[in-house]
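**Student:** Features from TrEMBL:
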type     : residues : note
TRANSMEM : 47-68    : transmembrane segment
TRANSMEM : 88-107   : transmembrane segment
TRANSMEM : 114-137  : transmembrane segment
TRANSMEM : 143-163  : transmembrane segment
TRANSMEM : 208-230  : transmembrane segment
TRANSMEM : 251-270  : transmembrane segment
TRANSMEM : 323-355  : transmembrane segment
TRANSMEM : 395-414  : transmembrane segment
TRANSMEM : 426-444  : transmembrane segment
TRANSMEM : 478-495  : transmembrane segment
TRANSMEM : 515-534  : transmembrane segment
TRANSMEM : 546-567  : transmembrane segment
């Protein structure tokens, strides 16, 4: 019956290739953005202005990333320390953007839960004092500018306490931004007044110091940006195959399926022939084989339970997109308090040498493995909770992510020198072998229906895309440099398609606070990226590695969950939608 209905639908609505392409673009690009964008529903009056200003700031920061290299060639450079330099014109723009980030963050904390208010005082106030106090305390005591800076920060704290009992007013953003910006201006003017007569310019260094201190807070969103290539690859594979099956003749579906399967076999075979077996460590082989076995076991379990609680294969990409930022907060954000503890222990060890061992413990690889192990346990608990609430696709993605993290945990515990890593080439080989053998068996037994052919086509396209899943960011990579394009593409894709979390509200976590936190996270991450690109930080200041970490964990989990879901659809003879 599935094959008859599919054939009937294909005859009734068969489009030309250009119409098929337009429909594919609509389903791959427009529909995820329409489903995941910010929505102005129930927003207070004061929130709309803040959102517009933040969007303008996000655009300015993106432009800075794009024109970083021309600016460095065309303008004078100012030193910022560690043999790095930055073009002088963007320094003031970065100062305004950092003040905007701090303002929206503090405003979100003001109207959020109690723990968020405490976080605002713990993080936001010291971030202001860094630029306000550095270089302003002389040997004879605090300068007048330092006193003014402290008073302005105190005014910010008082305003937050007063406004907490009220809703988000129209003028709260303007007042708070004025206070934060005034404090920054006082600091920069005083630094300029004292340093310029001696031929120094401290302002670029002060702005850079503030951005570097806030940079760890940008890492969770950077991690989430790493999942974008996998999300787009899964959506493109499923939509392209389903559209072709629904809008084409049966012969076209089988022909394209066979061609794509041959292409996947040829591409995989070429990759295997070009694989340097001598340089392939045994750790990678063991980690990849173990992960494939665990994913296969999970797939068998899912196929059995999916009959009782069916869920759509297309939900995998959406679930992975929604998990990007929370997973980044758990995996990356957990290191922020760890770093704070390390700094405190380092100071104590300098005063009390007998405590030096405590600081050394946090520097060992086992501490990182322990944090990742705790994150894996938390992910399993959330997966169980999600499954019981009917969110099966989210649960499967989480369990697949735990499998992807296990080799990293083993690296820190067993062999820190030789990393246990999952090799994408070997994973693709396993997928193509399983898919080819199963397709041949279905064809020999006469059970390769058109619906099953669509599922095989979807997995064949996905197998071809896995090695090239970052291809959408390659034009940006060519224009703006290695690592920059992928980060920028991932950030904007996350903002456009994964902002649904900010459209919800609860009794403790209001709508205004959610929207402001999301905007702050995106804006701060883009500002940090702009600063790293403007100063030519190696590996984009570590953001390139964080994006790769997101792709290797949650991105790989999205791909694995999609394969499990579509294989289940092929077994049940239904479309992978």
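Each residue, glycine too, has its Cβ placed from N, Cα and C.
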**Student:** Could you pull out which residues elsewhere in the chain have a CB under 8 Å from any CB of the transmembrane segment (395-414), counting only those six or more residues past its ends?
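**Tutor:** Same-chain residues near the transmembrane segment (395-414) but 6 or more away: 283, 287, 290-291, 294-295, 298, 302, 316, 319-320, 323, 327, 331, 365-366, 368-370, 372-373, 375-376, 379-380, 382-384, 386-387, 420-422, 552-554, 556-558, 560-561, 564-565.
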**Student:** At a C-beta cut-off of under 8 Å, are there same-chain residues at least 6 beyond the transmembrane segment (88-107) that contact it? List them, or none.
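**Tutor:** For the transmembrane segment (88-107), the nonlocal Cβ contacts are 50, 53-54, 57, 60-61, 64, 71, 75-78, 120, 123-124, 127-128, 156, 160, 168, 172-173, 176-177, 180-181, 184, 188, 203-204, 207, 210-211, 214, 516-517, 519-520, 523-524, 527, 530-531, 534.
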**Student:** Is it the case that the transmembrane segment (47-68) and the transmembrane segment (515-534) have 3 or more CB pairs under 8 Å, with pairs at least 6 apart in sequence?
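**Tutor:** Taking Cβ pairs at least 6 residues apart, the transmembrane segment (515-534) and the transmembrane segment (47-68) are in contact, with 3 or more under 8 Å.
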**Student:** Counting Cβ pairs under 8 Å that sit 6 or more residues apart, are there three or more between the transmembrane segment (515-534) and the transmembrane segment (251-270)?
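**Tutor:** Judged by the Cβ rule, the two regions do not touch, with the required three close pairs absent.
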